[in-house]
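Remarks on the structure that follows.
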Amino acid sequence: MRVVLVDDNPDDRFLVERELRKTFEDIEVVHVKESKELRDVLERGDFDLLITDYQLRWTDGLSVLRKVKEKYPLKPVIMFTGTGNEEVAVEAMKSGLDDYVLKSPKHFKRLAVAAKAVLEKAQQREELERIEATYRDLFNNVPIGLFRLSRDGEILDLNPIARELFGVKLGQKVSIGELFLDRKELFRFLRKLYQKGLIKGYETRLRTLKGDVLWVKINVRKIEENGKVFYEGSVEDITKQKLAEEKINKVLGAYPDLVFLIKDGKFTYVKGSEDDLLTEPDKLVSKSIERVVPPGVAIRWRELINEALDTGSRVDYSYTVHHPKKGVLFYQAVILPFSDGEVIIFSRNVTQEVSLNRMYRTLSSFNRSLLYVRSEEEMFMEMTRILVEEGGFRLAMVCRVEDGEFRLEVAHSDRELSLDPPILSRVAPNLLKETVRSRSIRAFNNVYEDFSGELRDILVKEGFLSCSFLPLEVEGEVFALLVLFSDMLEFFRGEELELLEELRKSAGYALESLRKEERLHYLTYHDQLTGLLNRTAFMEVLRDTLEKAKRENLSVALLIADVAQLRYINESHGHTFGDRVLVELADRLRDVLRTGDVLARLGADEFGIVLTGFKTLGDIEQVIGRILTTCSRPINIKGVNLTPRLNVGIALFPDDAEEMDELVKKADIALNLAKEKEREFYLYSKEVAKQFEVGLIVREQLPSAIEKGQLYLLYQPIVSTRDVRVRELEALVRWNHPELGNIPPSLFISVAERTGDIVRLGEWILRKAVRECSELIKRNPVGISINLSAKQLKEDEFLEIIEAVVSEYGIPTGRIQFEITERELVEATAENINILVKLKDKGFSIAIDDFGTGYSSLSYLTKFPIDTLKIDMEIIRSMEENLRNVDLVAAIIEMAHTLGMDVIAEGVETEKEFQTLRLLRCDFVQGYYFSPPAKLEELRAMLSL
């Protein structure tokens with residue numbers, strides 16, 4: 001569907017398009033901002049709906065409307081404006097406007113509904129025009145012939161049309177009997193003719209002298225002239241009509257509502273539901289209009305049918321019916337001349353549309369009234385008046401709620417009634433109190449079924465078939481009830497209730513406008529979960545801060561912080577749990593930041609911080625240190641402990657950028673690098689930007705590096721502290737890029753983890769390491785250690801691949817150890833843990849890599865199938881700086897031994913570190929003290945130790 005939107009204001013165009021897309025999924029919106037664009041649109045004409053503002057810089061909405069209707073009178077047009085008036089609206093409607101909607105925030109939804117309605121109406125109009133054209137074509141092409149018969153049935157004369165019809169040559173003698181197919185049918189026809197002397201509309205089948213069989217309609221009468229008797233009449237070939245009737249019946253049967261064929265004031269065809277007709281359709285056939293519809297309606301129908309027949313054009317008509325159960329129903333009818341003296345009527349039940357349109361007008365009028373009302377009483381009077389006079393309600397009243405009692409404030413009705421709050425309080429006290437308690441609309445759509453006793457008797461007596469109770473609230477308390485009564489069943493449903501809810505809220509907003517404005521401002525500029533500024537507000541503050549910094553020559557730091565494990569937290573514990581974590585982190589950030597610092601939630605897992613008033617980078621580092629220290633404290637939610645991790649990207653004004661968008665971009669680059677390298681924070685620099693660019697290249701070219709042979713393996717020995725012999729070799733992948741040279745493994749492995757290429761890379765490492773080391777392992781008591789990613793564990797064929805590779809090269813499973821990092825182990829799913837258990841059951845060893853990096857609770861160690869702990873190198877290196885770290889290492893070794901695990905110390909670089917670990921009874925060491933990662937052939941001498 002294509003919609004043309006004529007409006008100068010880009011913001012209004014954006015809002016209108018957004019609202020339309022909520023209602024119409026497959027929609028193309030063409031924006032028209034100047035006269036040339038409008039001319040182009042009208043030249044093409046390939047649109048379904050045009051929406052125009054009234055006030056335009058280059059013309060006005062009326063001119064646009066007239067141009068459209070002049071060229072495309074059936075194209076629907078809606079005027080959506082806030083600058084028009086009643087005179088404009090009236091003139092627009094005279095010019096063919098399909099709907100007029102006031103432009104305000106409350107009416108954008110109304111615009112979408114109006115668009116849907118006018119499009120449906122246009123489609124129905126187009127369909128009716130098509131049907132009318134079909135019937136007109138049928139009518140104009142019915143052939144009619146004239147003939148004369150003698151008393152004994154001989155054909156005396158034929159006009160050219162009849163002669164052509166019967167296949168009779170000029171001067172050829174023929175009798176009527178020669179044309180009848182059935183002798184019995186002939187005798188029946190002649191007997192009726194001789195007895196009555198007149199036959200009208202006699203339909204039968206004839207065989208022409210050419211041998212063709214036709215359906216004909218015959219009208220014939222007796223004529224006496226000069227003592228002679230003969231018969232003259234007309235014959236009409238209705239063969240096409242008979243065939244067309246079948247098609248017509250299909251067309252009429254497909255029409256969803258009521259269809260009538262009426263001739264000479266009688267129904268010849270009726271289609272519709274028994275619910276609408278109050279009887280079976282066939283029972284109405286042959287009955288007169290007066291016997292079917294009410295007298296007043298019947299007279300009007302007769303007048304309109306005569307008008308359609310006299311003018312030969314369609315007549316539109318709306319009427320109401322008082323249904324015995326549903327009350328007043330509204331119908332929209334189209335009367336079309338069909339054939340000689342016959343009309344076809346299409347009638348559609350538009351009760352819901354009428355009620356909706358009334359409600360829209362009511363809501364619009366009420367909202368306009370709020371511009372000039374000055375008191376509660378005045379607002380209540382306008383509200384009830386509009387609801388009755390424009391909304392079509394029989395009674396609308398407002399009851400004030402005071403100390404549990406209900407006092408009539410104001411009421412409006414279309415006639416004098418005896419119903420008031422004291423009566424309601426007496427016969428339905430619980431109903432009123434429950435409405436106040438629930439603070440929501442209570443609707444009753446059938447008083448016969450929903451009520452009983454005295455209350456039902458009172459409502460039925462007044463002619464009320466449905467009613468609704470609407471609580472009006474101010475500052476969260478119900479201060480009054482709006483009570484509405486209708487003479488229609490099932491009125492308070494769907495969109496009607498939605499519109500009443502909007503009216504109810506508008507009334508409350510009008511009485512607390514200041515609070516509404518404050519609340520609207522808060523929702524616009526704050527994140528509802530954390531109460532922090534949202535991204536929109538943060539960007540405005542950042543822009544203002546930078547402008548001030550430019551004027552006063554100040555520095556500004558932009559920090560973007562990402563919650564590292566939020567996705568894992570949401571997947572493991574649910575989004576509600578993740579929301580609790582975000583709220584806790586927001587509170588911690590509030591506490592740690594200085595007065596004047598700006599904090600916001602930028603997205604699902606991102607916070608933004610603006611720092612000012614610092615003099616050196618050290619000041620920034622102190623703030624970041626407080627942020628990281630505070631936010632990394634364990635969080636306990638419902639008995640679950642976890643340690644949050646933040647990654648922070650930092651960019652400085654004016655050092656890194658002088659414009660806001662560039663500053664944000666560079667902070668994002670620093671954040672992405674911090675995430676890739678699993679660093680707590682990165683300060684933007686040219687080097688950081690370069691690393692980011694390298695990361696992009698890695699992400700793009702890593703998949704092809706394997707095929708191109710750019711990857712290779714190095715091995716680092718793991719040495720026993722008891723006999724200083726090599727126990728196993730850890731396989732470490734390297735990448736020699738033809739242009740970038742050796743790319744750090746921490747960079748391309750982290751990229752592979754994020755892109756999913758780690759699965760393919762891991763399989764390549766496994767096959768390469770087993771193939772290269774197979775002969776070495778068979779000749780020496782040494783094993784290999786291979787790193788695993790949690791993503792590999794998720795692959796369906798993971799175990800089969802490992803078993804196939806090991807079997808191919810004949811290596812015992814006990815010579816292969818798989819390493820998985822502490823973080824991935826803690827975040828592993830139950831399925832992943834099950835895979836590790838199966839690996840261990842098959843004889844492979846499992847090691848925790850990078851142990852002590854703060855990802856887990858020590859209690860987790862008892863839950864996993866672990867053989868070895870590998871203490872992270874940062875802990876080993878810190879032993880010389882602080883003796884307490886020696887105690888930490890000793891505690892880890894003691895704990896591991898208690899659990900039956902071996903311990904490997906990573907990153908051992910000095911004799912002192914080695915001897916210390918030996919004294920602490922560490923089982924194995926790995927590091928540059930013995931050997932850096934090297935090619936396999938370079939390690940052969942060491943393996944002989």
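A Cβ is built for glycine as well, from the same backbone N, Cα and C atoms used for every other residue.
Look at TrEMBL and you will find 114-141 tagged as coiled coil.
Positions annotated as domain 'Response regulatory' by TrEMBL: 2-118.
As annotated by TrEMBL, domain 'PAS' applies to 131-167.
Positions annotated as domain 'PAC' by TrEMBL: 200-250. Residues in the domain 'PAC' (200-250) partition by DSSP class (helix H, G, I; strand E, B; coil) as 12 helix, 31 strand, 8 coil.
As annotated by TrEMBL, domain 'GGDEF' applies to 554-687.
Residues annotated as domain 'EAL' in TrEMBL: 695-945.
Taken from TrEMBL, the feature 4-aspartylphosphate applies to ASP53. The Cβ of ASP53 (4-aspartylphosphate) has 23 other Cβ atoms within 10 Å, all protein chains considered.
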Across the domain 'Response regulatory' (2-118) the predicted model averages a pLDDT of 91
Give me the DSSP three-state residue breakdown of the domain 'Response regulatory' (2-118), ordered helix, strand, coil. 58 helix, 25 strand, 34 coil
Pull the DSSP breakdown for the domain 'GGDEF' (554-687) and write it out as helix, strand, coil residue counts. 60 helix, 36 strand, 38 coil
